[in-house]
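Undergrad: Below are the features I grabbed from TrEMBL:
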DOMAIN    28-318  domain 'Gcp-like'
BINDING   HIS115, HIS119, ASP311  Fe cation binding site
BINDING   LEU137, VAL138, SER139, GLY140, GLY141, ASP170, GLY183, GLU187, ASN283  substrate binding site
Amino acid sequence: MRVLGIETSCDETAAAVVERDHNGQGRILSSVVLSQIDDHAPYGGVVPEIAARAHVEVLDRLIGQALHEAHMTLDEVDAVAATAGPGLIGGLIVGLMTGKAIAMVAQKPFYAINHLEGHALTPRLTDQIDFPYLLLLVSGGHTQMVLVKGLGDYERLGTTIDDALGEAFDKTAKLLGLPYPGGPEVEKAASLGDPSRFSLPRPLKGEERLDFSFSGLKTAVRQLATTLEPLSQTDVNDICAAFQAAVADTLNDRVSRSLARFRARFPGVKEPVLVVAGGVAANKVLRTCLQDLCSGNGFRFIAPPMALCTDNAAMIAWAGVERAGHMAADSLDIAPRSRWPLDMQSAPLIGAGRRGAKA
Ligand code: KG4
Ligand code: ZN
């Protein structure tokens, strides 16, 4: 089974070819990702119109490149999969229409993929893990703790009630005059700072519900920065260190409760797994914190390679592979959806499942 995948839901244009062999082992034959970061950087966040236009300009070339690198023609793929949501509607239309057109012309089955399902199934491509497992998705547009129970069977345990975690890093960076995207900049400054000089809030820490909240933390950073103005480099480093420490502490609390919840729900699972995905998973301090938490609780910790944690089309192709193995193809009149929760039963929360508008 070989699937061509297409991803255009935010600010990365991506195409990939992924195969699954007879033993169920996945293999990435090609994965091309073109980031638009430079196009959006002057605005301090993703601008939807710029994103959509940039996808149109490069997508067909990227698909050609993905097929070429996989040494394959369109005839040799078994299905086409494209992200249908959630995300920025302009970009989704570009990728979905392209995927449908290719599927129609090449007469291949078409799969409309939920971007979050792509992230959720990635560890089955990289590590062949079995259901059920826990997924912590922390990116610029999403912050969710999801119980991955089976293919198409997801339960959201918690989500952000305001900003996504990557968004909180980006906004904090902006407040402190650091460039976009802010995550790596804040991490760099934090490594030089003193986390104990300032104390910042730990939103929702200690609460039974498994949700996240980061806008209060960002406001606290703003107030602190205003009081200290003009900021020295040491001030910036110390604020970043305090911010990152508060995030680590909050994640620690939220995630350890989720691990306990998983144990209670699935007492028979011998080696439970926590998977982390999303751009924020690049943060070494947060990764170490999650790794330690898992070791201390008897969980295996999986962080897919960075190129598969951030947005890519291999995860969309893989979700197509998994779906093609169990489900009928989607109809070509399926529409893109800017909001599309993985768990259709969970109550919508403001800010959750939102992408873009990071500025
Ligand atoms: O998954 P991703 O590449 O893209 C989307 O959200 O679409 O995530 C990007 C986010 C940005 O908000 C960026 O600031 C954050 O991930 N990020 C980080 C780090 N590297 C990237 N946040 C914290 N620490 C990092 N080292
Ligand atoms: Zn993503």
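Including glycine, each Cβ sits where the backbone N, Cα and C put it.
Annotations in TrEMBL come from automatic prediction, not curation.
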Undergrad: Identify which of the following binding-site residues, namely LEU137, GLY183, ASN283, place a Cβ less than 6 Å away from any atom of ligand 2, and list them by sequence position.
TA: none
Undergrad: For ASN283 (substrate binding site), list the number of other Cβ atoms lying within 10 Å of its Cβ atom.
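TA: Around the Cβ of ASN283 (substrate binding site), 25 other Cβ atoms lie within 10 Å.
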Undergrad: Tell me the coarse DSSP state (helix, strand, coil) of HIS119 (Fe cation binding site).
TA: helix
Undergrad: Please report the distance from the Cα of GLY141 (substrate binding site) to the Cα of ASP311 (Fe cation binding site), rounded to the nearest angstrom.
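TA: Rounded to a whole number, the Cα-Cα distance is 11 Å.
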Undergrad: Can you count the other CB atoms that lie within 10 A of the CB of GLY183 (substrate binding site)?
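TA: Result for GLY183 (substrate binding site): 26 neighbouring Cβ atoms inside 10 Å.
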Undergrad: Given the binding-site residues HIS115, HIS119, ASP311, return the subset with CB under 6 A from an atom of ligand 1, ordered by sequence, or none if empty.
TA: ASP311
Undergrad: For LEU137 (substrate binding site), what residues in its own chain, 6 or more apart in sequence, show a Cβ-Cβ distance under 8 Å?
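TA: Spatial neighbours, sequence-distant, of LEU137 (substrate binding site): LEU116, HIS119, ALA120, THR143, GLN144, MET145, VAL146, VAL276, ALA277, GLY278.
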Undergrad: Tell me the Cβ contacts of ASP311 (Fe cation binding site) under 8 Å, same chain only and six or more apart in sequence, or just say none.
TA: GLU7, SER9, CYS10, ASP11, GLU12, ALA14, VAL33, HIS115, SER139
Undergrad: For GLY141 (substrate binding site), list the number of other Cβ atoms lying within 10 Å of its Cβ atom.
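TA: If we count other Cβ atoms within 10 Å of GLY141 (substrate binding site), we arrive at 26.
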Undergrad: Please identify which of HIS115, HIS119 has the densest Cβ environment, defined as other Cβ atoms within 10 Å, among these binding-site residues.
TA: HIS119
Undergrad: So how many other Cβ atoms are close to SER139 (substrate binding site), meaning within 10 Å of its Cβ?
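TA: Taking every protein chain into account, the count is 25.
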Undergrad: What other residues of this chain sit with their CB within 8 A of the center of the CB atoms of HIS115, HIS119, ASP311, the recorded Fe cation site?
TA: GLU7, SER9, THR83, LEU116, GLY118, SER139, ALA277, GLY278, ASN312, MET315, ILE316
Undergrad: Work out the three-state DSSP category of SER139 (substrate binding site).
TA: coil
